[in-house]
Structures are given as C-alpha cells and as structure tokens.
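The structure follows.
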Amino acid sequence: MTKRAYNFNAGPAALPLEVLQQAQEEFVDFRGIGMSIMEISHRSKEYEQVNDESQSLVKELLGVPDGYQVLFLQGGASTQFAMIPMNFLKPGTAAGYVLTGSWADKAAKEAKGFGEIYVAASGEASGFRAIPAPGDIEVRPDAAYVHITSNETIAGSQYAAYPDTGSVPLIGDLSSDIMCRPIDVSKFDFIYAGAQKNLGPSGVTVVIARDELLQASPKHVPTMLRYDTHAKSKSLYNTPPVYSVYIVNLVLKWIKSHGGLEAMERMNRDKTKLIYDAIDGSGGFYRGLVEPGSRSIMNITFALGSEELEKRFIQESEKQGFVGLKGHRDVGHLRASTYNAVPYESCKALADFMNDFRQRNG
Ligand code: PMP
C-alpha cells in the first residue's frame, strides 16, 4: 500500500488518494485515445466533455439555481481580487468589503486601485478572532457590491451564516471552503474560489455567478479580464488549464460518490471536533486563535505557551509523519488544514499526537 503523509498543508493541499490513482491510471492513455489529456486540443470532444461535465457537477453539488453560470478561469483567486472591481465597480459607486483577515484585506487593497471602497465591517479590533455578525455588516443601498471572505485560511475563521445584502450583490471568496458544506448559492450573486484547497490542483479558479453580472463588462477592460469573454465561450476563449480542470473533474466525482456536500460537512465536523477537543480539553496548554462561534472547519489555528514549545511541536510532529502544521508566516503559531480530502485518520492521529505532546510537555 502507498505510504501517505499526514498532510495538513494549507494549499496546495491533500487530494483524495482515489483521485490520484485514477489520474495515474489514465496518465499516458486517456480513456483509450492513445494520448494523455494534456496532449489533445482543448476543442476536442474529449476535453469539451470534461469541461461541460465539470461545470454541471459544480452546479449539481452546490445546488446552483437557474440563472447562474459556472466559469473556469486562470490567474488564481488573486486575479479575481482585481477582476471583480474592474468589472463591477463603476464610477460613482462604492463597494463594501468585510475585513476578516489577510485575504479579505488583500481583496480590499486590490479593489482600491480601481475605485471607491468602504469597510462594511471589520474584525481588526479583536485581532480577527471573530467573524462580524451578519447584522453588523453595513450594506449601503447604493453599493456596487459587498465582498466577504467565507473562510480566512490564515486566521482560521469561517462564516457560520452569511449576511443578507438585499438587492446589493453579495460577492464571496470561497477559495478555502468551497464544497466543505452545503450553502445557499442564491444568497450570493458571485462566488469565486481557487481550486487548490478543496477542488483540485492550482491553475484553475471556479466562478459561479448570476448571468446578469456576466453580460457586459466595461469597454476598457482587457479581453482576458472581462467576465463576458469567458461567459460567452463556456470558459474556452483561450487554452484552459486542461490538466487542472481534469483533476477538478475527478475530485467533483469523488465528492459526489462520497455523499455530496452534506456528507462532506459531517466528515469535516467530525474531523475538526477531534482537534478542537484536543485544544479545548488541554487546560490552556493549547490556545485556539479564533472564538468558538467563528471557528473554521477547514483551517484550525492554535498556539502553545512559547515559541520554543511551538518549534518543538513542529519538529516532533514532522518526525512522526505530519506535514504542514506551521502557521502562516503572517500570524505564526500552528495551523492544521483539514480540507475535504484530509482523512479522518490523519485528524485522529494529530489529536492523539497533541494529547501525547501535552502530557510530555505540560
Ligand atoms: N483567498 C483565499 C481565502 C485564499 O486562501 C487564497 C490562497 N491561499 C487566495 C485568496 C489567493 O489564491 P491564489 O493563490 O489562487 O491567488
């Protein structure tokens, strides 16, 4: 059997073993065509089928209502930080940004270069330990849109409930929690997510948006940065990241065959409970960095009593086969990313390691 690491990387991150094995099987000969999928035209019927099927699966798994389109774009979620204001932030309007941590902050900073923004709510005063309550988010009736970051990958926080923005478009960065649980897509007008955490490898960004928003971009926006370019061509305007989309296709099928998003959420809650329990039951030896009501089921952040102890934790965990537990350089401390493809057994092993480490060092 393949020996796999306990992979808690934040992204790129763990992929389901079954997906990797199927990709390996099909690597040199994709479904009997005598070539790999990387060696054929993106306009071939084989690739078109992968593209169409993947877009349909995104709709099916998330329960996307009629009137929305799914796009596969390039440039990562970071390019969306710019494309969103370039396409939607018209002169004379302002866009609201909810500041919940590093990623929301980056999105807001990028938007500032294209127009006026306002801070719709901010968790900065509390050190980003909590997501603002939906009622505390200022929705100006004339706002171009309100932007939220569903899951802060670095801080380790996640919206428990999304705000209702009425007739103002709600835009969500779901890069690090798309498909970790069922959501009501109709609350959003526009969702985007880099694939490299819950959906596949890096190289493709999924956009799910209301048709109206994708109809007409302002004239001055370059072709590749206009949503209407990609909406009109079913994401085949230029050469897409074929292999990334193919792996996303396999991951979507994996999610479906494992019970869809309800099952993903159940698994993720069970997995993260093991680790949060190890934190909460440690008598203060481990300290969670986020308030319980805003805790993420994708990225668990925690601290130990000293930097030295944290170093020792990392060193010992690495020796035992754990990967990716060092916190992001912006906040330090420790982080365990528990995306859909991270098995229960890895989380169990981590919780056991944490308890054992506490007993030896507490
Ligand atoms: N938003 C969030 C919430 C993220 O976690 C990340 C990447 N870690 C990004 C945006 C940026 O994504 P990319 O690297 O695909 O540009």
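Placed from the backbone N, Cα and C atoms, the Cβ positions cover glycine too.
Caution: TrEMBL annotation is automatic and unverified by curators.
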Have a look through Thr93, Thr153, Thr165 and flag the one TrEMBL assigns to the pyridoxal 5'-phosphate site that Ala77, Ser78, Trp103, Asp173, Gln196, Asn238, Thr239 belong to.
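Within the candidate list, TrEMBL flags Thr153.
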To the nearest whole angstrom, state the Cα distance for the pair Ser78 (pyridoxal 5'-phosphate binding site) and Arg43 (L-glutamate binding site).
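Rounded to a whole number, the Cα-Cα distance is 27 Å.
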Quick one: give me the count of other CB atoms within 10 A of the CB of Ala77 (pyridoxal 5'-phosphate binding site).
24
Under DSSP, is Asp173 (pyridoxal 5'-phosphate binding site) helix, strand or coil?
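For Asp173 (pyridoxal 5'-phosphate binding site) - judged by DSSP and reduced to three states - the answer is strand.
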For the domain 'Aminotransferase class V' (6-317), what's the model's average pLDDT?
97
Using all protein chains shown, find which of the recorded positions Arg43, Lys197 scores highest when you count other CB atoms within 10 A of its CB.
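Buried the deepest by this measure is Lys197.
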